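Below: one structure, written as structure tokens.
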Amino acid sequence: MDVSTIIAPLNDAQRLAVSAPNQAMLVLAGAGSGKTRVLVHRIAWHIKINQISPFHILAVTFTNKAANEMRERIENMLEISARAMWIGTFHGLAHRLLRQHVEQAKLPANFQVMDSDDQLRLIKRLLKNLNIDETKWPPKQVQWFINAQKEEGIRARHMHESGDFYQRQMLTVYKAYEDLCDRSGLVDFAELLLRAHELLRDNEDLLHFYRQRFQQVHVDEFQDTNTIQYAWLRLLTEGNDNLFVVGDDDQSIYGWRGAKIENIFNFQKHYPNHQVVRLEQNYRSTGHILKAANTLIANNEARMGKELWTDAGEGLPISLYSAFNEQDEAYFVVEKIKQWVNDGGLRRDVAILYRSNAQSRQFEERLMTTGTPYRVYGGLRFFERMEIKNALAYLRLANHHDDDASFERIVNTPTRGIGAKTLDDMRILAREQNLSLWQASVRMLDENRLPPRAGNALKGFLNLILQLGGETLELPLHETVKLVVEKSGLIELYKKEKQDKGEARVENLEELVNAARLFDADSLNEENLSEVDLFLTHAALEAGEMQGEVDEDCVQLMTLHSAKGLEFKLVFMVGMEEGLFPSQQATDDPGRLQEERRLCYVGITRAMEQLYLTHAESRRLYGKDNYPRPSRFLREIPPESIQEIRLRAQVTRPAATFNSTLGNSTQTAGRYRMGQSVRHEKFGEGVVLQTEGEGDQKKVQINFRNAGIKWLMLAYAKLETL
DNA sequence: TACCGTAGAATTTTT
DNA sequence: TTCTACGGTA
């Protein structure tokens, strides 16, 4: 393979990035500008042109999906195995480091990874133990606090006792949490990163080794890195100038989760010899769409600056529809989708994007009644489902008796007569004697501390776990899982549950056995784990797909956040209203508002051919009617790129639609029907929401742009239709 | 232990 | 409005 095969399919900017000499590099890759391609080709360049062994290459991503895709594309392109190359997520790679150096990382050899749900449960239990009132100290908030500290690299011992009451309380919990995790051999997501950072920072020989090993370090979605992730990258590369990062400050939408967009700016300070390359040619969207995106995002401050362009032509203008209410909005969108399909379009090329999950319902209902297949993203993923987590807890406890989190989870699931009293006693004993719950129950049984019934029940449970642990030693993984699922009694439990739900759970458990069968244990076993532990880690680190792969051609419904990285021919961005998007909480904070704007930018740039923006004049939210003003983002898009879909164009629509959705036939009558724009002498412009009464008694409710919502008597109000 | 009623909350979620 | 978590009761 020679230079041209790697370089030929690239544009100038891409080439510049791919073939640059070894130095720190910041690639600002606009949406749809081929950033993965640049990463893949850059790595290919190192391997084929610079003769760097894959062994010496590191590539970090945020999602498993991105990591898998990158590995695959490199292997296909170079026709080599990329086994030796470290490609993975920050968390996956951190985990691998910790496993390979458990001792130096000061972890037990069989440490287990907790997902956020496990973590939350652990915190809840901890608060109970510490007698801390959960209503005053919400576990979620505690969890957030702890993770935020870890992401900043702060341990409990680094914190001062002297803070305010809140700080001191949080610190107490943080300390206790650290102790509990250490004692139970549990590691949460943030801990993986923090500990991996400390591991390298505090072990000079190790750091030296990995700095030598990773001659070229590549990072995807750099704008999403948090403090500790960036610190880890710096440890590995600073001074060597061998850090190649790709990102887009305009697509940073996870600030609320700790992502530091500043890392992009800091990069330029920390790597003074860096080079910046901008990828601005867009291969995805039409001119109108890009113009809208560019103009909108120009309203943000402190950008690196970038302007997307295309040579693909203007395309269709963006359509804007003002719906009466959220039902009309759904109606409109689904009508347009039906048209698209009638014109030969595929449903899978269509996406409905919204700010918050709650908005999906209207669309689902409408899609359902029209018989349009659809798929909603979000919600629980496979390994996060209750029944799966229960089954995995059995598996875990059978292999790690001292895992208290798993113990608590399943000790009485299904119910086996181990009640609150028994458990309380057990917890007290465990705390006093510094034992695990397992050890505590063994002792209680040994010392005959329990009434016969509870004692027998507990004995039964311990035996079950022992049996599962013992019998499964010799079995292949999927047989082990099968045994666990069957003997645990979970299947029976869910069979009894309400029809459809229980059935789904049983199916999921069966699917779990299947997943274990398909699990390719030796694919990445550098960690020297048992097959079971490897599977458990896999479950924690890769929560799995949202739903099983449904190949059916269906409309895609998802939040703007989950749409990042995807593209669709036809995109609907719905609920473009103040208070919804931008969300209420963001409106008074300039920083958060800019993040909302970036989210809007992400949404717009998902569209390849056609983009619809919709908002509703009236929206029922949490049981209350709201009359939101159109989103400011709509005004930030150049009018010449927008085509408003006028109500007049809708006259062919059967009046029954409005009636059935609003349930009041008077509302379509007369000059002042819903949606009619009017002007009032004093209140200015507004939109009719509904009417009531007849003759001189007729009243209209109007949402005035500036004066708010008012009821007016038609006979007196001087209204002018627009 | 299981079921019911009610209070209270209700962006976004790569790992 | 709708969902969840919790506390009370059978």
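Using N, Cα and C of the backbone, Cβ positions are placed for all residues, glycine too.
What TrEMBL lists as ATP binding site is A:A29, A:G30, A:A31, A:G32, A:S33, A:G34, A:K35, A:T36. When other Cβ atoms within 10 Å of the Cβ of A:G34 (ATP binding site) are tallied across all protein chains shown, the result is 22. In the three-state DSSP classification, A:G34 (ATP binding site) falls within coil.
Per-residue pLDDT, averaged along the domain 'UvrD-like helicase ATP-binding' (A:8-286), amounts to 93 for this model. Residues or ranges marked as domain 'UvrD-like helicase ATP-binding' by TrEMBL: A:8-286.
Residues or ranges marked as domain 'UvrD-like helicase C-terminal' in TrEMBL: A:287-565.
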For ATP, residues beyond A:A29, A:G30, A:A31, A:G32, A:S33, A:G34, A:K35, A:T36 with C-beta within 8 angstroms of the site's Cβ centre include exactly A:V38, A:D248, A:L279, A:N282, A:Y283
Least buried by Cβ count (within 10 Å) of the binding-site residues A:A29, A:A31
A:A31
Using other CB atoms within 10 angstroms as the count, which residue among the binding-site residues A:K35, A:T36 scores least?
A:T36
Within 10 Å of the Cβ of A:G32 (ATP binding site), how many other Cβ atoms can be counted across all chains shown?
22
In sequence order, which residues at least six apart in the same chain have a CB under 8 Å from the CB of A:S33 (ATP binding site)?
A:L279, A:E280, A:Q281, A:N282, A:Y283, A:L308
CB neighbours within 10 A of A:G30 (ATP binding site), counting all protein chains shown, number 26
